[in-house]
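Have a look at the structure below, then the notes.
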Amino acid sequence: MNQDNYLEEAYKMRNVLQEFVRHPRDQTPTILGLREHIFTGSVSSLAGFMSYQETSFVTIGQRFLADPLRVRFHYGHPDIFDRMFHLTRGGISKASKTINLSEDVFAGYNSILRRGHITYNEYIQVGKGRDVGLNQISKFEAKVANGNSEQTLSRDIYRLARRFDFFRMLSCYFTTVGFYFNSLISVVGVYVFLYGQLYLVLSGLQSALLIKAHHQNMKSLETALASQSFLQLGLLTGLPMVMELGLEKGFRAALSDFILMQLQVASVFFTFSLGTKAHYYGRTILHGGAKYRPTGRKFVVFHASFTENYQLYSRSHFVKAFELIFLLIIYHLFRKSDGKFHVMVTYSTWFMAMTWLFAPFLFNPAGFAWHKIVDDWSDWNRWMMNQGGIGVQPEKSWESWWNAENAHLRYSVLSSRIIEVLLCLRFFVYQYGLVYHLKISHDNKNFLVYLLSWVVIISIVGLVKLVNCASRQLSSKHQLIFRFIKLLTFLAVVTSFILLSCLCKLSIMDLIVCCLAFIPTGWGLLLIVQVLRPKIEYYAIWEPIQVIAHAYDYGMGTLLFFPIAVLAWMPIISAIQTRVLFNRAFSRQLQIQPFIIGKTKRR
């Protein structure tokens, strides 16, 4: 099953089968685990990271799970099953392709629940190929995260926890669903920390606390934050990898390989992977909808278009990264602490946000090649402008993709929808806190100021509705009238800004703060409207909502595309990326590819 094998290893098969008969009756293995050799590590840096990660799991990890923890289950091939044991106890296959998405691990659960015994042997190994491209890896990790969220809700893991002793139960938790739950808590902790900092700076509490700490010469807060920020370097996550490489190759070689991985930006990959696990685990816990995601298991590394990357990572990484950046910018604008304290608190979060935004393009073959960037821009605009509808695939139109991306909300239960709405309310914190810091408000703390900010938002939605109706009714037959209406709308907006600047002292800084306040509010409203879609999609308000959602996605895509295009304009960036992140043979192919394309075009 998707395995390679070696002639010398095949001679050991008789010894492996003897494991079923040489143990006492109560310790006879029902699943016999074997070691894997990952042979795809030389394709690219990503393939190397996955190879090291998988090697540490299928060797030192499973060795420790089997003995002494006794919580090793079945994690896919190449395990050998006692056929008669499992056929007489319900079989291996499961009934539900949603709950039992990770079908292999449920076979291990069933074996342990029915008093089976799972062992692990390392004197025989078989070959195994892992995914080598970032999109393939992300789809695989999304599938595994979905499967773990369904395991969290399943009766199998509940029964195991009830029947294990305390220490074995904790071992089972931390080696199965606990790992993904901890990933989710880690990401949620970043948001809680930043929203707490946002509350402190916007309410004025940070200034008061720092003044008090300065008067009393208190340095404990800075010391605590400095120590935790040092640990956020993420170096400890590679410890199992270093230990396994040390046992296999020696610790000197392991240390050199670890340093090489850091030079190949391994920390960027693992930080991005953390976001993938947290998003899909959390969303499936809340709304369900786990599904199999085919990765193709291709050995070839190929260029993924900007449109494909945006479809795959928009909601899982890009939106969350922009939210982090908004929080960090507001914290930077209104903070009262000194520069050193500020850097120690926020540098790891900046690193996480930048990683979530640009890792798909950094690890994309020919991701900074100018001819690819030009093609990607044309493809992106075509995808954004194509009309969706029945029969139009998400890969062909933004509208179809947008509907498919939010389809899980249609089938959520009422409690999940309420939780989703409550989570969306966090975006209104920006608006409530920032409108009172506008110079135009003249330090007025009246609630009327907040209500006036909602009048501005309603006016923006009204203008979008006006332009949308004019476009639908006049753009085809009355072009002149339609352009005149757009001109009047533009002049009205400009006149409003001039009047506010002259009469109420509206400044450039006020406009920046308004953008920081109203853009998250608009996104929060869009998320709430998606939850309420079955109730309102047949009313007139739905069309301007779809136009605003289109504008948000187009804006996010353009902001992402601009720095990539700037870097692609410098040929040295593409050469460095190709040389550092891919092996020599593939790098040579990427370097000669533009000459082959040019020669083909001239013919």
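Backbone N, Cα and C define each Cβ position, glycine as well.
Per TrEMBL, the feature domain 'Glycosyl transferase 48' maps to 1-508.
Residues or ranges marked as transmembrane segment in TrEMBL: 166-185 (among others).
The transmembrane segment feature in TrEMBL is assigned to 223-243 (among others).
Taken from TrEMBL, the feature transmembrane segment applies to 255-275 (among others).
As annotated by TrEMBL, transmembrane segment applies to 318-335 (among others).
According to TrEMBL, the feature transmembrane segment maps to 341-363 (among others).
According to TrEMBL, the feature transmembrane segment maps to 418-435 (among others).
Annotated transmembrane segment per TrEMBL: 447-468 (among others), in sequence order.
TrEMBL lists 480-500 (among others) with the feature transmembrane segment.
Look at TrEMBL and you will find 506-529 (among others) tagged as transmembrane segment.
Sequence-remote contacts of a segment are chain residues at least 6 beyond its ends whose Cβ falls under 8 Å from one of its Cβ atoms, and for the transmembrane segment (560-582) they are 43-46, 263-265, 301, 306, 310, 318, 357-358, 361-363, 365-370, 372-373, 376-377, 380, 590-591. The transmembrane segment feature in TrEMBL is assigned to 560-582 (among others).
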Count the Cβ pairs between the transmembrane segment (447-468) and the transmembrane segment (506-529) that lie under 8 angstroms and are 6 or more residues apart in sequence, then report whether there are at least 3.
yes
Taking the transmembrane segment (341-363) as reference, which of 318-335, 418-435, 480-500, 506-529 has the most Cβ pairs under 8 angstroms?
318-335
